[in-house]
Amino acid sequence: MNVNLPVLAPSILAADFSRLGEQIKSCTDEEIQWIHCDIMDGHFVPNISFGPGIVGTVRDIAPEAFLDVHLMIENPNNFIDDFADAGADLISVHYETCPHLHRTVENIKNNGCMAGVVINPATPVHLLEPILPEIDLTLIMSVNPGFGGQSFIRSSYQKIRKLYQLREESGLSFLIEVDGGVGTQNAGELVSNGVDVLVAGSKVFKTDDISKSIASLLKAARAGSNRVV
Ligand SMILES: O=C(CO)[C@@H](O)[C@H](O)COP(=O)(O)O
């Protein structure tokens, strides 16, 4: 996979679904290559979003996009095939939902997708160590998952730095993604702390001008490209 870092991945959770095609096109007409799809089941998180049907629709709308699918669901292992068939490029599962994480990661890869593992704000980074050699991406939730528009939890910086250090020490190459409360005020600092992929929902879609919002977010993220960690 060829990626220009840092990546901005708009989360369609915040999109206007009556204009989904138009809004996704506003993203891909800019420099957006990744689209983030938040799947919520009303069990693992207290909200329901959408399923493989909408992911398939996004695939049809944006055949060239890289579809980054974040499963906030219980028993994710049972749904990997459905999301892979719908067109996911990367499927991320929560550490907290996977008693057999290694098996679930294998299942994702056997379905031809890249594999990611996500941790909630209260889950420590060191728990990921055994699985890091097997995965393509780690996602640090910087809000409690379930809703868009929440405030960024500042202790996430420490977790990002720890993960970045682990990557440096191990020589591994997994990407570091952060999700929740990302905006122009923190995009640069997140990148300088080690983040490769920034997920943003409300700061892309709940604005007057998606193109302008993307340009501002990318500018802020790129200003952080000189790593200080
Ligand atoms: O997964 C989630 C929430 O569970 C996120 O993707 C949010 O949807 C990001 O939204 P903003 O904080 O950017 O509004």
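Placement of Cβ uses the backbone N, Cα and C atoms for every residue, glycine included.
No curator has checked TrEMBL annotations; they are predicted automatically.
What TrEMBL annotates here:
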| type | residues | note |
| --- | --- | --- |
| BINDING | Ser11, His70, Gly146, Phe147, Gly148, Gly149, Asp179, Gly180, Gly181, Gly201, Ser202 | substrate binding site |
| BINDING | His36, Asp38, His70, Asp179 | divalent metal cation binding site |
| ACT_SITE | Asp38 | active site, proton acceptor |
| ACT_SITE | Asp179 | active site, proton donor |
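Annotated features, which come from TrEMBL, shown on the structure.
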residue : record                             : CB count, 10 Å
Ser11   : substrate binding site             : 24
His36   : divalent metal cation binding site : 27
Asp38   : divalent metal cation binding site : 24
His70   : divalent metal cation binding site : 28
Gly146  : substrate binding site             : 18
Gly148  : substrate binding site             : 20
Asp179  : substrate binding site             : 25
Gly181  : substrate binding site             : 22
Ser202  : substrate binding site             : 17
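In the three-state DSSP scheme, His36 (divalent metal cation binding site) falls into the strand class. Here the candidates are the binding-site residues His36, Asp38, His70. The one whose C-alpha lies nearest to that of Gly148 (substrate binding site) is Asp38. DSSP gives Asp179 (substrate binding site) a strand state. Across the structure, Asp179 (substrate binding site) and His70 (divalent metal cation binding site) are spaced 10 Å apart at their Cα atoms. For Gly146 (substrate binding site) paired with His70 (divalent metal cation binding site), the C-alpha to C-alpha distance reads 11 Å. The two recorded residues His36 (divalent metal cation binding site) and Ser11 (substrate binding site) have their Cα atoms spaced 5 Å from each other. Taking the Cα atom of each, Ser202 (substrate binding site) and Asp38 (divalent metal cation binding site) are about 13 angstrom apart.
Asp38 (divalent metal cation binding site) sits 7 Å from Ser11 (substrate binding site), taking the CA atoms of both as reference points.
Under DSSP, His70 (divalent metal cation binding site) is assigned to a strand (E or B) in the three-state scheme. Close to the recorded divalent metal cation site, the chain also has Ala9, Ser11, Leu13, Cys37, Asp68, Ser92, Leu139, Val199, Gly201: residues not among His36, Asp38, His70, Asp179 whose Cβ is within 8 Å of the site's Cβ mean position.
For the recorded site, Ser11 (substrate binding site), the DSSP three-state label reads strand.
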